[in-house]
Structures are given as structure tokens and as C-alpha cells.
């Protein structure tokens, strides 16, 4: 929740200093560290890295139009896949060929260098280098938008929280993020051992399953962002053509949030389908092609949802409020990942592995119905009665 400060302080400073301090802590890591200090060390790493991700999103949001935000956010989201795949290999190679401490020192030095350059080179918004900012609306009232942003920045965290949680649509975003992260963590953390223990699938094939899951996630993340941007661009262009032909039009301007949520709903259905195949079509003699196809579907749709939900959470509110909204959505996702740990393990131990996965599938179907119930609710935080809310 510390990422909420990205709404108040400079994203350039927060992002760069977070990278720099993260690298500094990496360099200071010692092999003979005690367990209590290890917990404190991990906490500090998370603390300095916490604001970095929403800062990346806010920087992209300030520098890009809505019709490109989804694409570049999805490309940025693949960084975790790339780092998760290459990072352990590179760090292990360094540790084996030189010394284990270099496996921490070299990435730490790189992180400090990039953080320092980010503070110098990055700018929070185009106006800082003499360019025109992308405004919140296309009404053309720049003063109104700036005043609304100032008013929102003056609101306290408690007031912002109440405003966000009063919208059923935002609650549906958080609930969907929770379930997607839960399913994604189940696949990434439990699927390999589940395949080996329950179906006697070889270690190699189970490893292939996990690798394909992560690899297909890269394509799912990028494709979901490009698809939602293309649909939004096409609908916006059609709307502007109608405006140019007619002075008044009853049709509302296309909502990027609703469009991306529609794409996310399709991806979420695909994720449920892949979980259904995983639950009911696995057996000891399953072909490798079919097994990897399930892995590819699950990775493609899960990472596609994760990429879209981050964009939706930020676009649900004005730019000066997006850090808080993203913090709440990310918190829900973290709870999903936590639920996939000890709670899922306890259920699987109490009953069976299969029962735990099937229970997750039925829960996801329930979330699907909740998304449909909230579909027609307000999909944008309204900037009304702000002064009254501040009191």
C-alpha cells in the first residue's frame, strides 16, 4: 500500500531511488546473515521496491495517449517474465564462475546505475520538457482538469479509500485480480508437483509444463494490451467521425475501461476453460502436446488478464488518483497469491489436490457472475462533490 505515495511525490524520484536503494541492499547482503535479519532484509527490499511499479504505470500514463497505454503497459509487464526466466540463470552462472557474492553485487551495481540514470533522465510528464500533456478528457477545458487533479491530490488516503470502495465496478476489478492471481500462482507454484505426485508424469514433462506456462504468458500479456488498444482506437475514431458529421449525438464517448474490461472478461473465460481442462482431462497417459497446450492456454490467458487489470485499475480514476487505485488492485492480487499458498495447501491436505483445484474453478465461475452483475455500474470514478468529501 506504500505505492499510494506515487500520487503525491515525484514518480521519477520514487522510481529511481527505489532502484538505487534496492541495488544498495543487494550489495550489502551477507552469506552468514541470521534468519531474523534475513526477514528484515526482505522487508526492506519490498519496501523500497513497492512504489516502483505504480510509478512506471503513472509515467507511461502521463507520456502516452489512452490508445497506446495498454500496448506499452503490456510490453512493460513482460519484464517480470523475462527477469524471472533469465535472472536466476545469469545470477547462478556468475556465482559458479566467480563467487556467490558477485551474484548479488553485479545485479546490485547495475540496479544502482540504472536508478541514478533514471533520476537524471526521466521526466514525470511532457510539460516538464516543453511538450503538451495528454489531458484527462477531450473537452478542452485544461483548467478544469488541473483543478480537479489538485483537489484529488489534497484528499487523504482514508477519503480516497472510501471513494474507491463505494464503486461496485472497482470492487469487481479487485475481485477479478484476486482470482486471476490465485489461479496463476496455483499453476506456477503447485502444478509441477501436482503432475508428478498425482499423475506420475515425469519431472521433465512437468518442467516443460511450467516453462511453456511462463513463456506463453509473454504473448498473452502483449496481445491483450494491443487488442484492447486497437478496439478502443477504432471505436474512438468512429465516434469522432460521427461528431464531425453531427453537432449533437446521443451516443457517449467510448470508455477505455469498459472496452478493456470486456477483453479481460473474454480472457478470464479462457483462463477458466484452461483450468477446467486441467481439472478434468489430465491423466497419467496424457500426450505431451495436449499437456503443453493446456499450459500454453493457462499462461496466455492468465498473464493477459494480469496485464489488462493493471491498466483498468489505473484508468478507472484520474491520473492524480491512479497510484491509490492500482495499490488497492495490487493488494487484492497479493491476497490471491497468499491464498494460493498455505490456505490452498491446507485444503489440499485436508481433502485432495483435485478438490482444491476444482474449488478454485467454481470460485472463478462465481467471480464471473459478479463481473456480469457489475457490468452496468459506473465504470469511472466521478469527480463530483469533492469538496464535500474532503470535509
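Heads up, the Cβ atoms here are built off N, Cα and C, so glycines get one too.
Keep in mind that TrEMBL annotations are predicted by a computer and have not been checked by a curator.
Over the domain 'Major facilitator superfamily (MFS) profile' (1-378) the predicted model carries a mean pLDDT of 83. Among the features that TrEMBL reports, domain 'Major facilitator superfamily (MFS) profile' is placed at 1-378.
Taken from TrEMBL, the feature transmembrane segment applies to 12-29 (among others).
Under the heading transmembrane segment, TrEMBL lists 41-60 (among others).
Taken from TrEMBL, the feature transmembrane segment applies to 102-122 (among others). With a threshold of 8 Å between CB atoms, the same-chain residues lying at least 6 positions outside the transmembrane segment (102-122) that come near it are 11-13, 15-27, 29, 59, 87, 90-92, 94-95.
For 164-187 (among others), the entry in TrEMBL reads transmembrane segment.
Per TrEMBL, transmembrane segment is recorded for 207-234 (among others).
The transmembrane segment feature in TrEMBL is assigned to 261-282 (among others). Cβ atoms under 8 Å from those of the transmembrane segment (261-282) belong to residues 173, 176, 180, 183, 187, 191, 195, 199, 220, 224, 227-228, 231, 290-291, 294, 297-298, 300-302, 304-305, 308-309, 312, 354, 357-358, 360-361, 364-365, 367-368, 371, 375, 379 of the same chain, restricted to positions at least 6 beyond its ends.
Feature annotation from TrEMBL assigns transmembrane segment to 288-314 (among others).
The feature transmembrane segment is assigned by TrEMBL to 326-347 (among others).
For the transmembrane segment (353-375), the residues of the chain that approach it from at least six positions outside its boundaries are 168-169, 171-172, 175-176, 179, 182-183, 186, 190, 194, 197-198, 261, 265, 268-269, 271-272, 275-276, 278-279, 344, 347, judged by C-beta separation under 8 angstroms. Among the features that TrEMBL reports, transmembrane segment is placed at 353-375 (among others).
If you count C-beta pairs under 8 angstroms between the transmembrane segment (164-187) and each of 12-29, 41-60, 326-347, the highest count goes to 326-347. Listed as Cβ neighbours of the transmembrane segment (288-314) (distance under 8 Å, sequence separation of 6 or more from its ends, same chain) are residues 54, 57-58, 61, 69-70, 73-74, 77, 81, 170, 173-174, 176-177, 180-181, 183-184, 187, 191, 195, 201, 205, 208-210, 212-225, 228, 257, 260-261, 263-264, 267-268, 270-271, 273-275, 277-278, 281-282, 322, 325-326, 328-330, 333.
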